[in-house]
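What TrEMBL says about this one:
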TRANSMEM  12-33  transmembrane segment
TRANSMEM  45-65  transmembrane segment
TRANSMEM  96-120  transmembrane segment
TRANSMEM  155-176  transmembrane segment
TRANSMEM  183-204  transmembrane segment
TRANSMEM  224-247  transmembrane segment
TRANSMEM  259-285  transmembrane segment
TRANSMEM  305-331  transmembrane segment
TRANSMEM  352-372  transmembrane segment
TRANSMEM  408-425  transmembrane segment
TRANSMEM  441-462  transmembrane segment
Amino acid sequence: MSKDTVSIHGIWASRWVFILAATGSAVGLGNIWKFPYMTGMYGGGAFVLVYLVCIALIGLPVMLAETLLGRRGRQSPVNTLSTLARCSGASERWSWAAVMGMIGALLILSFYSVVAGWALDYILGMVRGEFSGIDGAGAGQRFGGLTSDPVRLTIWHSLFMLLTAWVIARGVVAGLERTLRILMPLLFVLLLALLGYSMTTGHFMEGVRFLFDFDLAKVPDGILAAMGHAFFTLSVGVGSIMVFGAYMPRKASIGSTVLTVGLLDTVVALTAGMALFPVVFAAGLQPNEGPGLMFVTLPIAFGNIAGGNVFGVVFFLLVTVAAWSSAISMLEPAVAFFVERTGRSRGQVTSVIALLCWVVGLGTVLSFNLLADARFFVTDADGWHLYRWTSEGGMTFFESIDYLTSRIMLPLGGLLFVLFAGWVLDRDVFRDELALRHQRLFSLVYSLLRYVAPAGILIILVTELSK
Ligand code: TRP
């Protein structure tokens, strides 16, 4: 594998397009839906602090490894790893890490599309003014009404999946690059509009204090969750970033690019928090609502403050845009792989894979209603069961997939990627790709990748599995 190999899927105009794509991938439901509700659940600033440390010591090194491997390999993650392994004289079985990643990304897409569909439903609800003057019971009922209706959920899920497949089918430059050039600026404008709005609620500082005042006693609770979330929010561990790295121009500096993406993702998560919590406080509500924060608490807030309806539309539009630009990155590793493997057109490959994901997504749709009692990993009076029909304990299909991916597959994939970059890939190849001018800086980055990140991830995985 020479450093001048090019990708058959296309190449981006500049490093900025990689930044757009990687940021588009990173910024998603993770930032706007998960991050605020997790911060609420785990007590605010303490969680934020642990999260920031995990991003710096674990998330960014994995992102760096993925980008670097992708650009060196210039193929789908699976073929990139097998080629690079062969060139380094290692076993081609390393490519199984990317196979697992590819499957993980598709599993995430299957439920991600359902949740993004809720946001589509809420745009319509906001436009129709369904939330004006709504109270807690009303908002709960509206959310319950949506999740208990499999047909409505399926319609939105299908629409979102179609949007995602459409961009991917059109290709790396005509689809991804063109769409991202519109979506990403729009996302930032929408976010700023919301931030401006939250400053007018009179509760802005209360929101800020909630995010940044930390109580050390609360730290331990959220550690595992914060680590898992660091992977999820940066989109690392499945090859999404690796496949985008394969389309990155040769000249771009990987280090500063990755740093930019990580910074943007963090800024968006914190800004989303600062835009959201003041609105929640302004309506006299509590931030510890859990996953319902965005779909129950927030609409009550929007329905009861001046201008809330308009900003409600803006908000759910923002969520949709962010989710869309993330969803495409979950589909790309598999599509790139099967295009390489079968030689068929992107359109054909995309249709088949998206359809598969859509079918798995129906499992998530049904886990909120008809199959809510189909539980996995149940521990009850007579022991542990992989599957049980019960209304208590265990995890629904949706919860199981979320858990399996975020808590196990992403860290495991990330671990294998950093190990590969740090220990299998030749040091000279690594140095050449990274192209850092200062030797000290290089040593620092290299040891972060070889020791700190793998050790950190191992600790998470072992702790998680021994729970
Ligand atoms: N990072 C995105 C978010 O925060 C989700 C995402 C996109 C993702 N691609 C991924 C998560 C790959 C894990 C793996 O919403």
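Using N, Cα and C of the backbone, Cβ positions are placed for all residues, glycine too.
Unlike curated records, TrEMBL annotations are generated automatically.
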Stretch contact, the transmembrane segment (96-120) with the transmembrane segment (224-247), Cβ-Cβ under 8 Å, 3+ pairs: yes
Top partner of the transmembrane segment (183-204) among 155-176, 224-247, 259-285, 352-372 - counted as Cβ pairs under 8 Å: 259-285
Among 45-65, 224-247, 259-285, 305-331, 352-372, stretch most in contact with the transmembrane segment (441-462) (C-beta, under 8 angstroms): 45-65
Among 45-65, 224-247, 305-331, 352-372, stretch most in contact with the transmembrane segment (259-285) (C-beta, under 8 angstroms): 45-65
Whether the transmembrane segment (45-65) meets the transmembrane segment (224-247): three or more C-beta pairs under 8 angstroms: yes
Listed stretch, out of 155-176, 224-247, 352-372, that has the most CB pairs under 8 angstroms to the transmembrane segment (305-331): 155-176
